[in-house]
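Visitor: Pulled from TrEMBL, these are the listed features:
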- B:62-104: repeat 'WD' (REPEAT)
- B:105-146: repeat 'WD' (REPEAT)
- B:285-326: repeat 'WD' (REPEAT)
- B:328-369: repeat 'WD' (REPEAT)
- B:361-447: domain 'Sof1-like protein' (DOMAIN)
- B:409-451: region 'Disordered' (REGION)
- B:422-431: compositional bias 'Basic residues' (COMPBIAS)
Amino acid sequence: MLSTFSVSRILFPNIQSLGILTPKLLNLGPYTLDFTSSGRHMAVGGRKGHLAIVDMKTMGLIKEFQVRETVRDVVFLHNDLFFAAAQKSMANILMTGRYPYIYNRDGTELHCLKEHGAVLRLQFLKNHFLLASINNFGQLHYQDVTMGEMVGSYRTGIGRTDAMQVNPYNGVVALGQSLGTVSMWKPTSSAPLLRLLCHKGPVSAIAFHPNGHLMATAGKERKIKLWDLRKLGDEPLQTLPGNAKTLDFSQKGLLACQLGNGSSVQILRDLDGNQTYKTYMNHGMVKGFQIEKLLFRPYEDVLGIGHSMGWSSILIPGAGEPNFDTLVANPFETSKQRRESEVHSLLDKLPAETIMLDPAKIGTLKPERKKEKPTKQEKVAGIEAAVEVVKAIKLKKKTKGRSKPSKRTIKKKELIAKAKSPFLAQEMKEEEQVARKKQKTIEYVETPTSLLRFVRKKATA
Amino acid sequence: MKVKVISRSADEFTKERSQDLQRVFRNFDPSIRTQEKAVEYVRAQNAAKLDKIFARPFVGAMEGHIDSISCMAKNPNHLTGIFSGSMDGEIRLWNLASRRTVCRFPGHKGAVQGLTVSTDGHVLVSCGTDSTIRLWGVPVSNLLEEDVSSDKSAEPRETYVWKNAFRSVDHQWNSDRFATGGAGVDIWNHNRSAPEQSYQWGTDTVVSVRFNPGEPDILATSASDRSIALYDLRMGKPTSKFIMRTRTNSICWNPMEPINFTAANEDSNCYSFDCRKFGEATCVHMDHVSAVMDIDYSPTGREFVTGSYDRTVMIFPYNAGHKREIYHTKRMQRVFCVKYSCDGSYVISGSDDTNLRLWKSKASEQLGVLLPREQKKHEYHEAVKNRYKHLPEVKRIVRHRHLPKPIYKAGKQIREQNESQRKKHEKRKAHSAPGSIVQEPLRKRKIIKVE
């Protein structure tokens, strides 16, 4: 089979560098990479601390620098100006700095995110401007990068995991566990939305199809399974053999995974559209190269491979979306257009509460809740029923002058009051709770604005 | 071996010269844009908030009168002119664009109670408590020049003296005739010094008189015996009449549906009626807290403006029970007359504090010439806001209006009173034989008798 690099050199001389590119980056560790949403820029991070941003149109290096710490993951924020790197200090045992850092395009360190801890994987939710991270204790953190507010941090109970992926369709974060379950999380709840038992061994990689229906998971027992997210059952749609450390779906639905040992790439495609994937292409690299990350480049027919000796790009016909929408992602963006689109995307920033499994639920009616609390009529009916029961009791007629009519009526009244008292006590309790809530809100409002900085803030969860 | 791969040449996608426009490429595939509904919802919230930020309805005030303004008149042939008459007898013609007086018409000895303009716009008819009707010639050419603010005053062409004070006047469409309301309804002609016809139904004063815009011979009047009556000039007699619980201060016909009219009542509600069926109102418009003094329809027929004794101006949709908009200022006292401008974009109110005020009909509307891109953006904001305006967060922002404290409290009180009446009625119904207590709808309850 003709390898793709020779094709490109012969037939496409004007496409400068869409062939194999293998800069020899010696001994700086396996490389992980990330593209901006328009596919124009790529951020590269080597395990031994090499960070770089490359402009993929001109294949020009924008900036590269060495941070002298272990870098586990790199992710772009909303545009090519900012990217985050998950770093771990290896220099000094005393100086354990294991935090993600946010860098500028010029290589300046902008922020050190200490609350996240020793991060293994980072993901950016584009519509919500949330940076999600999972650290080696299994804690999931969501941070809003516009104002720096920590939206949620949860102990997932999963343990250490390397498999983390955002579903672009609905913004939920999927984490793979070492017991073989995949759990899906949203920033507003401490319990997962969904838990799915996928594999018999640990889950090593997860990938989502852009249309939101298909999920591919890879397990260490050398199986790749495809699941339909609309109809989650016990059985996957398809099971394929494969030992994949990394998976990725392209914009047109092609699935890239590893083949055999670590240096071949396999591309799968469903030709008929009935979600059965078959082999489309295989690509074998030099035998010593261990593949670290596979990522399709948006809007181009290119697959980026980060491996132990650097990074490569290969041509995959039919992978990318040929028609881009200028208002969504523009590979030919000028700086003016970039600034305007940044402002527009900030205005359209979604609040963290909108992340849900089915994003089309917004704007629909909530189904009527079954009334757990009794309505007013029911309460009144309850009181009346209790009073009727009491009225029907016949009082014993006492002798020796102890059964005077006045005493009997008093006794009857007491019994009725006793029957009513639990209902009234309940009402009073509810009113007291409402009053307390009102008081709390009033108390909160009453500190004047100039003194607000002295108010002690409660620790967030 | 030939392989087809995506290749884009930079020429097509970037601009050649700096004066060129950037090309915009669209792809409407939903899979490249995610969570569209949530983004739309956020945009609806932002649109509602922007609406509130840009809501500056007050355009300007026209000062000059020295007593409270009692009536106003407009003519559809001249968009920028409006006549106002005050309680000391002075009538002025204003230019709305420059907000200055164009011409004065002094002459009335008492309060000017009614003003109307003939259909061609050349003759102004005014009537007052000094029992006179005066006809004035309108200086048409001056209206076109914007920066002429003169102290010109005109002499009345004719003055007709009659036996009783007049309360209202209205001009028939496409004719030389006008009707006045005073002791009864009188039909006058420009050239005659005595009324051609006089109608009397009952012995009470007729408070307001309005000709139907679609059928020029039909006339609606309201009198102080709490009645509303219809007259037909061709038949030579009054047609029908019904009596309500409280007096109607003013009537206005819907210009787009001339079978309907709306009456501004003393009990702080407005009632819309179909003139063919007087047994019940078609709609009750409730939001004012004090007597509604004047009402005028927009030329689109889709909404109307009311001015009330509670110092506010409200705009209602023609078929809705509650207001769309409320305008109030600390300086504006009791509003006695309101008019909708003839292009539907402005509302003019005349009040007790001797000022006429010009307001925008849509408070956050951008005036002036809009670029097509601005126009499209406004339309998009309107559309996305309307799509989600029933959801609680957007609804809260869209509905919110700051009310002055007396109005807020009075409104609360009225609602409490209505609620307690309703509860009492429900209890009476619950404790009596089913079907024995029947309550008519509010639309019918307010009408006592139909004659």
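Yeah, the Cβs are placed from backbone N, Cα and C, and that goes for glycine too.
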Visitor: Cβ under 8 Å, sequence separation of at least 6 from the ends of the compositional bias 'Basic residues' (B:422-431): give me the contacting residues as numbers and ranges.
Guide: 437, 439
Visitor: Limited to the repeat 'WD' (B:105-146), I'd like the whole-number average of pLDDT.
Guide: 87
Visitor: Could you give the residue numbers and ranges of same-chain residues that sit at least 6 residues beyond the repeat 'WD' (B:62-104) on either side and whose C-beta is under 8 angstroms from one of its C-beta atoms?
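Guide: Distant contacts of the repeat 'WD' (B:62-104): 110-117, 120-121, 124, 126, 128, 130, 136, 138-140, 142-143, 146-154, 299, 334, 336-339, 341-343, 346, 348, 350-358.
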Visitor: Can you work out which residues elsewhere in the same chain, 6+ from the ends of the repeat 'WD' (B:105-146), have a Cβ less than 8 Å from its Cβ atoms?
Guide: 70-75, 77-78, 80-81, 83-93, 95, 97-98, 152-171, 173-176, 178, 180-182, 188, 190, 209
Visitor: Under the DSSP assignment, what numbers of helix, strand and coil residues are found in the repeat 'WD' (B:62-104)?
Guide: 0 helix, 23 strand, 20 coil
Visitor: DSSP-wise, what's the residue breakdown of the repeat 'WD' (B:328-369) into helix, strand and coil?
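Guide: Reading the DSSP string over the repeat 'WD' (B:328-369) gives 0 helix, 17 strand, 25 coil.
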